[in-house]
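J.: Structure below; questions to follow.
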Amino acid sequence: METKDMMMTSMSTMDKGENGGEKCKEREEVEGQEEEAQQENGRLVLADGLGDRGPKSLTSGSGPQVSNGYTTATPQSPREGSAPGTAAGAASGPTGGTGLTGPLGGLRTLVVQQTSLERPRETWSKKMDFLLSVIGYAVDLGNVWRFPYICYQNGGGAFLLPYLLMAVFGGVPLFYMELALGQFHRSGCISIWKHICPIFKGIGFAICIIALYIAFYYNTIMAWALYYLLSSFRPTLPWTTCTNSWNTANCNRYLSSDHNVSWSNSSTSPAEEFYTRHVLQVHLSPGLHQLGSISWQLALCLLFIFTIVYFSIWKGVKTSGKVVWVTATFPYLVLLVLLIRGATLPGAWRGVVFYLKPDWEKLLSTTVWIDAAAQIFFSLGPGFGVLLAFASYNPFHNNCYKDALVTSSVNCLTSFLSGFVIFTVLGYMAEMRKQNVDDVAKDAGPSLLFIIYAEAIANMPAATFFAIIFFLMIIMLGLDSTFAGLEGVITAMLDEFPHVLAKRREWFVLGLVCVCYLGALSTLTYGGAFVVKLFEEYATGPAVITVVLLEVIAVSWFYGTNRFCNDVQVMLGFYPGVFWRVCWVAICPCFLLFIIISFLAFPPEVKLFHYHYPSWTTVLGYCIGVSSFICVPAYMVFHLLNAKGPFKQRLLKSITPQPSNDNHRDLFVTNAI
């Protein structure tokens, strides 16, 4: 942000009969008094708690503004009020000077505020708007399906220990760091890097591309939930019978009243066939090589989802901050209702015991620790640009340290609560089918919600009511994360190109939503579920973890932990403790490196239903992942080639942060005249 230096100079009015030497002497005295006044003002600014950063802004501003709030970009006209004894009259006095004198010819004081010529940055209407937005972003569909599945896959309660350790030493420090960075520099994920380490600016562009990939497939899951929601407005839920056109001979209507029906490994439930053969229609696609046509029903559902998204974020955090009061709180009400209902089901205790009983031998498996690290990372969500964007709209002295602890704790507790909600139902299903709990769920991910939980709901009294509130909860959990993900991109682009996009936010958001919808069309085909799985495994995971690793290295090693901690002290009034500094410098990079190496050493076996992904899809997945990460080295080369001077000078300049404009502070300059 360009600023203009402003310095007010003045001279006392003198008699016409004085000689030139006397004039020079008096002029020097007045200038000396002005300098003393400016120095005194610098000390006053420091006393207000701005630390060592206060005085440097006295020489850089964006244009003067007098204390009544009106901007004075040019000197005031001498003709404004020529009455003797007034400021304007003194300026138009016999000497033609520019100084201001009082009625008795003495010195007067004018308070001037350094402000930006650009519009002030938008802020949250209330503190709770910010907290609910962050909680809504962090608490998403992964808390409901990914955490319970990974938990029972890794031995139930034994998984909680590595999960908490990874949260304390990896997830929460990264969460805190991003909130502090965004709040201090008040910038999105692209423009913030000029204040940290300019050569790493490609990280911001990589984050935006990753966010687009997520929008391509994540909202499709909400479209599935919307289809379920619309199908729930009937007395008999369509996934409770085997007499529909999409059902096969293997369909078994296995409800609590059907004691004569035996369940075999080849049996399929009505809920499974409704999901796979009616909603997804994956039986019409042989695989990724032949996706088939687009399902017009899902296309309309996704269009409705994106329409809600657009009108929730098109005006900025002022509107999205109000929407999250519903979308972030309603899921907790539903989870509580489902927990109470699930606890009363027969066999629920089996699921709870499996959930809480630890299998300590599992802790010797590397897979458990890898899954714990990946789960807490993707649950809290650092590295997606969202926390930077949300925190940039906070007041400068907001206690983001407390916010980080509160929101991350709520996120982890929600995952723990969701485990009870899911496991009570898994125990119930195992009791019905006379199977073990770990044999109930055939597939992970969305299948846990759209098959297992949907079937359990069908067995409950008032099944229609529970189906409606459950799928409405799924939609709201997804909407919060979509709001946040797109807001991260919007904030980044508006901060990077303010002169082009600042006044065209609504049109830019419309274009962004349209791009996301068009990019999601491949996930609406008959083989769209295969595309969703491919994006989920390769397009986002490895790329975003690598990006966050570079982000931590850039902040801790290049920008410097001491400098970052000084920024936090200026902002919050206290210096981060040894634990946080050690985490940022050493533990967090090792935490992220551990996830990356484990992913490369043990690549996941991608499978969905009965379809095993061929080897060429692995190459395709890695290409999609690299397509976003390539922005980082590409920008480094671009930055070095466009810099001037010898290579050593270019390299030094590329890792030297540019001073902030300090547009988050209100500095008052008192000039004596």
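Cβ coordinates come from backbone N, Cα and C, glycine included.
These figures come from a predicted structure and were not determined experimentally.
According to TrEMBL, the protein has these features:
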COMPBIAS  1-14  compositional bias 'Low complexity'
COMPBIAS  15-30  compositional bias 'Basic and acidic residues'
COMPBIAS  57-79  compositional bias 'Polar residues'
COMPBIAS  81-93  compositional bias 'Low complexity'
COMPBIAS  94-104  compositional bias 'Gly residues'
REGION    1-104  region 'Disordered'
TRANSMEM  130-148  transmembrane segment
TRANSMEM  160-181  transmembrane segment
TRANSMEM  202-230  transmembrane segment
TRANSMEM  294-311  transmembrane segment
TRANSMEM  323-349  transmembrane segment
TRANSMEM  369-393  transmembrane segment
TRANSMEM  405-430  transmembrane segment
TRANSMEM  450-477  transmembrane segment
TRANSMEM  507-532  transmembrane segment
TRANSMEM  538-558  transmembrane segment
TRANSMEM  578-599  transmembrane segment
TRANSMEM  619-641  transmembrane segment
J.: Same chain only, please: residues at least 6 beyond the ends of the transmembrane segment (130-148) with a C-beta under 8 Å from a C-beta of the stretch. Say none if there are none.
T.: 124, 221, 317, 320-321, 324-325, 327-329, 331, 355, 375, 378-381, 386-387, 390-391, 393-394, 398, 403, 406-408, 410-411, 414-415, 418-419, 421-423, 426, 444-446, 448-449, 474, 477-478, 480-481, 483-485
J.: Does the transmembrane segment (538-558) reach the transmembrane segment (405-430) with at least 3 CB pairs under 8 A, where each pair is 6 or more residues apart?
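T.: No, the transmembrane segment (538-558) does not contact the transmembrane segment (405-430).
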J.: Can you tell me which parts of the same chain pack against the transmembrane segment (619-641), counting only residues 6+ beyond its ends and a CB-CB cutoff under 8 A?
T.: 198-203, 205-206, 209-210, 213, 288, 534-535, 537-543, 546-547, 550, 606, 647, 650-651, 654
J.: Is it the case that the transmembrane segment (405-430) and the transmembrane segment (323-349) touch, counting contact as three or more CB pairs under 8 Å in which the residues of each pair are 6 or more positions apart?
T.: yes
J.: Taking a Cβ cut-off under 8 Å, which residues six or more beyond the ends of the transmembrane segment (507-532) line up next to it in the same chain?
T.: 212, 215-217, 219-221, 223, 280-282, 284-288, 290-295, 298-299, 302-303, 306, 309-310, 313-314, 486, 489-490, 493-494, 501, 608-609, 611, 613
J.: Can you name the far-off residues of the same chain, 6+ from the ends of the transmembrane segment (369-393), with a Cβ under 8 Å from a Cβ of it?
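T.: Residues 121-124, 130, 133-134, 137-138, 140, 142-143, 146-147, 150, 153-154, 159, 162-163, 165-167, 170-172, 174-175, 177-183, 185-189, 192, 204, 207-208, 210-211, 214, 317, 363, 400, 408, 411-412, 415, 484-485, 487-492, 495, 541, 544-545, 547-548, 551, 591-592, 594-595, 598-599, 602 contact the transmembrane segment (369-393) from elsewhere in the chain.
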